[in-house]
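The structure appears below as structure tokens.
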């Protein structure tokens, strides 16, 4: 029984699904997808639970959310192992994900008060008030790269605001989704407030097609995000928050410390085996001897990165990708770039057949025409050279995406110029592209999405503002508008 609907664990009526460790092949989870009727059942449960949940005070809802945070803390080791084994990421990185889940809850609570709480302004004849109200029933689609942390970036603010939820984890991380849901169950969520439906494309299509849905919160690929946008087009009554991918540029201008710049680049491009939406995909390198020295050092250090199993000791920097298929897609992308004329500096290699252990790849594309503006979701870095900083900015903006952008340079003036001209939701200076703060917005423009699914800004799309003009008594104004006559004379 792997679906959680209206407070009960039930068996899915759809296709059977098996999840294996992407490195060892060990069977981790088995279950059945939710059928279309079960998706509708989850929606009815969420709709029925909404009025009571929304009418609870914020303090009452907050108690449940904080109880969940405590359960995350007490079950940290177990959840870390589940996420690591299912995604293939090393233990250390899965542990940072669970820590981020815990820390984000307190920030989400503070954000609700600051951004979407209640305000009152006194007026000469009354008061103006601002309140926020929940949308209703929301669908949350989770990604596989951070199967606990990123869905919770939607779920926690949505619950605090008073919404009820139908959560569909990625079909590649059903075990993590179930493990997190069981902690919510222990936290004491009333039946129907949060429902879990497992499944792939068919389940997702059934969920997004529900007429009685008030909104959809999505983190994942641009292709799926575009499909959801088309599916919900013509329905402005439904909130649609999309956090999608990026073809992110990292500009290496002047470098004072080559090793520090190489470390930043590796953290930007290869952490999580390149499976972060903010990862650097395009390295824009200033032409010249210093750029040559930097690139040679980057290749040398990257060559030492050997992916390993989640529990290897000593711990590896990167683990496997989410699946062997995902790893093979990266290799295929590299082969296509090489066939276009790219010069391979470091070839990505699958270490073992039937696993997802893939070494990083670096390929120079300077002077190659027609390179696709697509996100390769894995450890593959493409390199272009530039001559002037103005050219670097033009190259950085030459994408339909707009998620993250970074600059390595000692010159503040160049960063100020980039801040003015960059088309990206995240613009960093001498910091990895993959770094993020829950108190700052997280998201992009263009094909990278619309709203900002971090703890702080997620509050904005989880509730709608209600304005009120109020007075505790009704009196006739001392001064009337022209043409109004309230005298006692009878007009004949």
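Each residue, glycine too, has its Cβ placed from N, Cα and C.
Residues annotated as active site in Swiss-Prot, with sequence analysis given as evidence: 243, 277. The NAD(+) binding site annotation in Swiss-Prot covers 220, 221, 222, 223, 224, 225.
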Message: Going by a 10 angstroms cut-off between Cβ atoms, which of the recorded positions 222, 277 has the sparsest surroundings?
response: 222
Query: On a count of neighbouring CB atoms within 10 A, which of the binding-site residues 221, 223, 224 is highest?
result: 224
Message: List the residues in the vicinity of the NAD(+) site, defined as same-chain residues other than 220, 221, 222, 223, 224, 225 with C-beta within 8 angstroms of the site's C-beta centre.
response: 218, 226, 227, 244, 245
Neighbourhood of residue 225 (NAD(+) binding site) by C-beta distance under 8 A, where only residues 6 or more apart in the same chain count: 218, 242, 244, 449
Query: Between 220, 243, which of the recorded positions has the fewest other CB atoms within 10 angstroms in the structure shown?
result: 220
- prompt: What three-state secondary structure does DSSP assign to residue 243 (active site)?
  reply: strand
- line: For residue 224 (NAD(+) binding site) and residue 243 (active site), the CA-to-CA distance in whole Å is 11
Query: Given residue 223 (NAD(+) binding site) and residue 277 (active site), what distance in Å do their CA atoms have, once rounded to a whole number?
result: 13
